[in-house]
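S.K.: The following block contains the structure, expressed as structure tokens.
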Amino acid sequence: CAGEENWVDSRTIYVGHREPPPGAEAYIPQRFPDNRIVSSKYTFWNFIPKNLFEQFRRIANFYFLIIFLVQLIIDTPTSPVTSGLPLFFVITVTAIKQGYEDWLRHKADNAINHCPVHFIQHGKLVRKQSRKLRVGDIVMVKEDEKFPCDLIFLSSSRGDGTCFVTTTSLDGESSHKTYYAVQDTKAFHNEQEIDALHATIECEQPQPDLYKFVGRINVYHDRNEPIARPLGSENLLLRGATLKNTEKIFGVAIYTGMETKMALNYQSKSQKRSAVEKSMNVFLVVYLCILVSKALINTVLKYAWQSEPFRDEPWYNQKTEPEKKRNLFLQAFTDFLAFMVLFNYIIPVSMYVTVEMQKFLGSYFIAWDEEMFDEDTGEGPLVNTSDLNEELGQIEYVFTDKTGTLTENNMEFVECCIEGHVYVPHVICNGQILHDCTGIDMIDSSPGSSGKEREDLFFRALCLCHTVQVKEDDSLDGLKKNQVSRRSCIYISSSPDEVALVEGIQRLGYTYLRLKDNYMEILNRENNIEKFELLEVFSFDSVRRRMSVIVKSSTGDIFLFCKGADSSIFPRVKEGKIDQVRSRVERNAVEGLRTLCVAYKKLTAEEYSKVQKLLQSAKLALQDREKKLAEVYEKIERDFILLGATAVEDRLQEKAADTIEALQKAGIKVWVLTGDKMETAAATCYACKLFRRNTQILELTTKKIEEQSLHDVLFDLNKTVIRQNGSLTRDTFSG
């Protein structure tokens with residue numbers, strides 16, 4: 001019945017603009033935007049009015065305009081040119097600068113919008129400009145090309161229906177992510193087969209979250225009922241991402257132009273104000289108050305002085321008849337404005353001219369700075385707007401991710417612990433297992449027959465519970481080749497941890513070979529190939545902090561293998577040597593290693609059948625799909641038998657510690673964000689000099705993530721700090 005569910009706020013897309021066969025739901029035409037990207041602020045027609053409106057929203061410009069108009073209207077002691085000319089110069093220079101910057105944006109937009117894209121029309125490949133792409137068009141993208149819009153992934157040149165993508169320009173992640181083609185279309189490898197596809201796609205309206213997507217594809221075969229398949233973020237290729245290590249893919253456009261997730265994440269094009277300009281505006285208001293009070297005092301003093309006879313009409317400046325009849329209040333107001341004009345030099349218009357020129361020329365100095373040139377990419381700094389140059393020198397806080405920013409994101413397998421026995425791969429030499437001099441239990445310590453079975457299950461679990469892809473090729477983009485293996489396999493994964501684990505287990509005797517026709521193949525220690533049918537994959541997410549696979553062995557046994565953080569595995573374990581494994585995990589965490597626990601359980605055919613029904617129902621749901629899937633995962637991932645744990649090292653980047661030290665000396669506060677265990681995080685912070693040996697650490701930890709409980713913990717912590725204030729020096733307390 002999940003398939004019958006209707007979606008209120010959705011769109012229906014006809015793949016290749018073909019209408020489905022009779023019997024399908026009635027076609028409701030929907031209008032979608034074209035594929036043009038517009039990042040510019042102005043057009044040729046609205047530039048002058050829009051730019052003037054924005055410029056006169058600045059307090060200084062508006063003030064000088066008022067003074068200029070006053071000088072034109074009343075009889076003032078100074079010429080209107082003195083205010084008008086500098087104002088005109090400032091407005092013109094700013095307009096030219098902003099116009100030039102916007103012209104560059106127009107130029108970049110045109111380059112993107114005129115970029116050639118391969119479409120499929122009537123079974124043939126046609127080249128068109130990117131801006132002509134429409135929702136429903138089927139597009140072909142080749143290796144190292146960027147996706148021209150948001151696409152549903154239909155098929156790829158790879159036999160298993162996967163492709164590899166880097167999303168550096170979207171979220172800064174440089175690792176290769178794996179995406180999966182729709183199950184029913186992944187076998188279509190040429191234009192004619194793709195063009196013959198009859199399908200409709202139902203999906204949510206565009207929204208900016210890069211990691212969320214919910215949809216459903218209905219594939220029509222002849223006149224039969226359509227087959228409904230769920231669509232998630234693993235099927236959605238985003239505009240701006242780049243295809244890697246895959247010859248070509250076919251996809252259908254579902255979000256185009258300004259509806260793509262990349263465009264929805266653009267910052268608003270409103271004019272940004274720097275801190276210097278904001279502070280200048282505050283001073284301007286203060287000086288404006290001084291100016292008004294000066295003009296007011298002078299006007300009052302003038303009339304006080306003129307109150308005595310003959311003082312307001314000396315012999316050399318006799319009043320005319322109309323002047324004698326003028327309204328006193330109007331005369332006083334005119335005098336007040338005349339004083340305002342006379343004293344208006346207190347606010348220097350020349351300073352604003354200087355600041356504008358300095359910003360414009362300063363942007364070129366940033367672009368010319370040789371020390372900011374990156375030789376690896378061959379690129380220097382790019383100044384998108386010169387309004388914010390001086391902000392660069394006023395940074396107070398630096399927020400940094402840990403993995404891949406402070407660390408190299410190049411994982412190295414260190415050890416694994418199986419039921420208290422520790423295995424270290426680097427002590428294998430020329431195929432011979434060497435006894436470790438520190439007395440660590442080695443593979444040859446023969447943990448007994450039941451232990452041997454658990455050991456094999458542990459290695460199989462790590463060979464099967466992952467999303468790693470295999471590429472048998474030397475020329476791989478940005479990925480290291482594993483030289484130690486008995487067979488030259490290059491592993492690719494969006495998570496470097498997974499690659500490190502698969503390579504580490506390979507050095508311990510189990511090699512993951514490939515995934516073919518939904519069967520995972522591994523080479524065991526006896527050099528026999530074992531095949532496991534991949535039934536389900538429960539992807540890793542940051543809330544569950546674990547991933548699972550359900551596989552079926554050649555003997556018909558069904559296993560659920562799970563790996564994840566110790567905090568998410570231990571509570572779900574019913575048996576196994578928990579204490580020994582936990583102590584090893586904690587020891588590794590203190591040393592700054594990344595730890596994972598591995599567990600499993602056996603399923604009967606009936607249990608798997610129930611699991612499959614629950615999963616299918618949750619996957620096809622269009623509303624609250626993630627919540628329903630999480631509930632199903634929670635039901636399935638329990639009552640595990642603990643197998644062991646792994647430890648992986650991610651080394652610090654070169655000069656990371658020196659950089660953090662320099663930032664702290666400059667008075668910049670550094671915050672590090674990480675999903676690691678508390679002990680691992682603390683060890684890393686000591687290593688990169690964020691913490692010192694004498695640093696007093698306050699731990700704020702709560703199991704719940706409700707705002708109130710966090711608030712309570714913070715409140716208690718605050719009281720602790722105040723209570724300890726006597727023992728702290730004033731310096732450390734303020735810090």
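Cβ from N, Cα, C; glycine included.
Just lifted these from TrEMBL, have a look:
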- 29-83: domain 'P-type ATPase N-terminal' (DOMAIN)
- 56-74: transmembrane segment (TRANSMEM)
- 282-305: transmembrane segment (TRANSMEM)
- 336-355: transmembrane segment (TRANSMEM)
- D401, T403: Mg(2+) binding site (BINDING)
- D401, K402, T403, E498, F540, K563, R594, T674, G675, D676: ATP binding site (BINDING)
S.K.: Under 8 Å between C-beta atoms and at least six residues away from its ends: which parts of the chain pack against the transmembrane segment (56-74)?
M.R.: 80, 82-84, 86-87, 90-91, 271, 277, 280-281, 284-285, 288, 334, 337-338, 340-341, 344, 347, 349, 352
S.K.: Using a Cβ cut-off of under 8 Å, list the residues of the same chain at least 6 residues beyond the transmembrane segment (336-355) that approach it.
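M.R.: Answer is 60-61, 63-64, 67, 70-71, 74-78, 83, 86-87, 89-90, 93, 276-277, 280, 284, 287-288, 290-292, 294-296, 298-299.
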S.K.: Which one of these binding-site residues has the most other Cβ atoms within 10 Å of its own Cβ: D401, T403, F540, R594, G675?
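M.R.: Answer returned by the neighbour count: R594.
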S.K.: I'm trying to understand the geometry here, so how far is the Cα atom of R594 (ATP binding site) from the Cα atom of D401 (Mg(2+) binding site), in Å to the nearest whole number?
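M.R.: Pair distance, Cα basis, whole Å: 15 Å.
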S.K.: Hey, how far is D401 (Mg(2+) binding site) from G675 (ATP binding site), Cα to Cα, in Å?
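M.R.: If we compare the Cα positions of D401 (Mg(2+) binding site) and G675 (ATP binding site), the gap is 9 Å.
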S.K.: With the ATP site defined by the record as D401, K402, T403, E498, F540, K563, R594, T674, G675, D676, how many Å span the farthest pair of C-alpha atoms?
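M.R.: Between the most distant Cα atoms of the ATP site, 23 Å.
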S.K.: Could you give the Cα-Cα distance between F540 (ATP binding site) and T403 (Mg(2+) binding site), in whole Å?
M.R.: 17
S.K.: Within the domain 'P-type ATPase N-terminal' (29-83), what mean pLDDT does the predicted structure show?
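M.R.: Across the domain 'P-type ATPase N-terminal' (29-83), the average pLDDT comes out at 84.
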